[in-house]
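Lifted from Swiss-Prot, the feature list:
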- 3-166: domain 'EngA-type G 1' (DOMAIN)
- 9-16, 56-60, 118-121: GTP 1 binding site (BINDING)
- 203-376: domain 'EngA-type G 2' (DOMAIN)
- 209-216, 256-260, 321-324: GTP 2 binding site (BINDING)
- 377-461: domain 'KH-like' (DOMAIN)
């Protein structure tokens, strides 16, 4: 399960700045969900290959009345469901009563908490953080988030050791087989056999969507009609339910995010939908079913979820629920809206179903298997290079500064999602339009459906870069004569 890190603190202590630093390689998801404050930010970050979800909880206004009465509900939820909390304080402003109230609340929750003193630029860090030791949260980590100073140290000395201690796990290098095959083909050898067989593993299927779109009904319909072996297996964290099942002699694991347990004083509105649970389900899944309510249409929340799914590279099947009972005119309007707002998602199958009555539910699994097979299929270097060559023959790369961009060869760089790595000269200057052309050409040639495909470009190295030619004795004498001539002419 992907760990969750919550940024907590008073307003204007630099939480959003640190959030942007941590998620610099990812597009933050801005969510506006019922029961949660507007513009709450969720993003994916990475430290030494270990991914985690980062939450900007917004400002918590702790007062003498007690932090629980003044803390926003979404911030309470984020703290409760986070694995670790980075409690941020303002080193310039010094210790405030609100800081003490928040620290008291965090101590009562017994969450792993690290105290981060921001805005230490221009100050003596040791002197600036002295007052904050009275909060009783242990060591203080000074940073300057706006300039990035101390952020890397925070990641390496705080988050990374914590992630290793709490969730030690061996990360399978899914790209190893591709690189072994590529190197073997380059050396004229046979690639070693890979023991990993995606068909032997169950397909992890996450059902996500806004509240009341029919996720629970769809889950119950799937389990109630076609289950062979079903039992509830609580997830390792945050009560996500993993439900193994079998259909058409194929094993699946449904990741159920519909049931969110009540926690403390969190209201029912917030309880209905946990953004954190949904993001973790997407990260952990092979295929995601995005459920949309046909009667309400596509909302900004749906598009936000869709954006996170695309950034995660997960296979996708779009499910339009509550299709029954709609007039033909309304159905046509819904389809037009889908085409208009989701026209850029040309790789995903769209199913119109009624989870309540079961119509169209059975056809979902055909698209799920298709998407999973597309995302995990192995493709040889020879085939990818051949497809790239055909694409170049059909449409030449543009000229850059009078020279034609040259694409040399392509090989696989990973799967789920499929990654194609293209090597060449001046590839960094390729326009986005040509990159999209190559992506669509590979998708069509490989018949990839249900999963995004990513193209990565690598510049060929100049073998003469940073190297100086050794002059022969004759060249040395000629150079001396030329230098004498130049000096005389001056």
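Keep in mind that glycine also has a Cβ here, set from the backbone N, Cα and C atoms.
These figures come from a predicted structure and were not determined experimentally.
Shown on the structure are the features that Swiss-Prot records.
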{"residue": "12", "record": "GTP 1 binding site", "Cβ contacts under 8 Å, 6 or more apart": "59, 90"}
{"residue": "120", "record": "GTP 1 binding site", "Cβ contacts under 8 Å, 6 or more apart": "91, 128, 129, 142, 143, 144, 149, 150"}
{"residue": "209", "record": "GTP 2 binding site", "Cβ contacts under 8 Å, 6 or more apart": "215, 290, 291, 292, 293, 302, 305"}
{"residue": "323", "record": "GTP 2 binding site", "Cβ contacts under 8 Å, 6 or more apart": "294, 331, 352, 353, 354, 359, 360"}
DSSP says residue 57 (GTP 1 binding site), in three-state terms, is coil
If you measure between the CA atoms of residue 57 (GTP 1 binding site) and residue 212 (GTP 2 binding site) and round to the nearest Å, you get 25
Using DSSP three-state counts, the residues of the domain 'KH-like' (377-461) come to 32 helix, 26 strand, 27 coil
Rounded Cα distance, in Å, between residue 212 (GTP 2 binding site) and residue 9 (GTP 1 binding site) is 32
Neighbouring CB atoms within 10 angstroms of the CB of residue 215 (GTP 2 binding site), all protein chains considered, total 25
Residue 209 (GTP 2 binding site) -> DSSP, reduced to three states, gives strand
Its Cβ having more other Cβ atoms within 10 Å than any other among the binding-site residues 57, 212, the winner is 57
In three-state DSSP terms, residue 120 (GTP 1 binding site) is classed as coil
Taking every residue in the domain 'EngA-type G 2' (203-376), the average pLDDT works out to 78
